[in-house]
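**Q** Here you go, one structure.
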Amino acid sequence: SKKEIPGGYPVNQFKCTYECAHADTDHIRCKNLCKKLGGSWGYCYWNTCYCEYLPDSVPQKNSIEVFSCGATIVGVPDTEQQ
């Protein structure tokens with residue numbers, strides 16, 4: 001059976017997840033955000049940035065609540081970073 005890839009939804013200092021749209025640029029923004037935080041990969045899932053292999057030291061949620069504050073990813077690069 002396929003092993004679950006560990007990951008989570010990163011949150012800012014107010015414990016807000018990062019909102020995103022299901023556009024290519026936002027998938028890239030989420031990936032760049034995740035890599036900046038020490039994760040290996042990231043994408044937009046249910047309008048929320050999700051990171052794979054996010055270090056335990058990074059504040060994160062394991063699931064999305066129905067009512068949640070959303071942090072913006074405006075300012076995160078939307079092009080592939082080296």
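Cβ from N, Cα, C; glycine included.
According to Swiss-Prot, the protein carries these features:
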DISULFID  CYS16-CYS69  disulfide bond
DISULFID  CYS20-CYS44  disulfide bond
DISULFID  CYS30-CYS49  disulfide bond
DISULFID  CYS34-CYS51  disulfide bond
DOMAIN    6-70  domain 'LCN-type CS-alpha/beta'
**Q** Going by Cα-Cα distance, pick out whichever of the disulfide-bonded residues CYS34, CYS49, CYS51 is nearest to CYS16 (disulfide bond).
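**A** Given the candidates CYS34, CYS49, CYS51, the nearest one is CYS49.
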**Q** Restricting attention to the domain 'LCN-type CS-alpha/beta' (6-70), give the mean pLDDT.
**A** 93
**Q** Nearest by CA distance to CYS51 (disulfide bond): which of the disulfide-bonded residues is it, out of CYS20, CYS30, CYS69?
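**A** For CYS51 (disulfide bond), the closest Cα among CYS20, CYS30, CYS69 is found at CYS30.
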**Q** Looking only at DSSP and grouping its letters into three states, which state does CYS69 (disulfide bond) belong to?
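**A** Once the DSSP labels are grouped into three classes, CYS69 (disulfide bond) ends up as coil.
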**Q** Give the three-state DSSP assignment (helix, strand or coil) for CYS30 (disulfide bond).
**A** helix
**Q** Do me a favour and check the Cα-Cα span between CYS34 (disulfide bond) and CYS20 (disulfide bond); whole Å is fine.
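**A** Rounded to the nearest whole number, the Cα-Cα distance is 13 Å.
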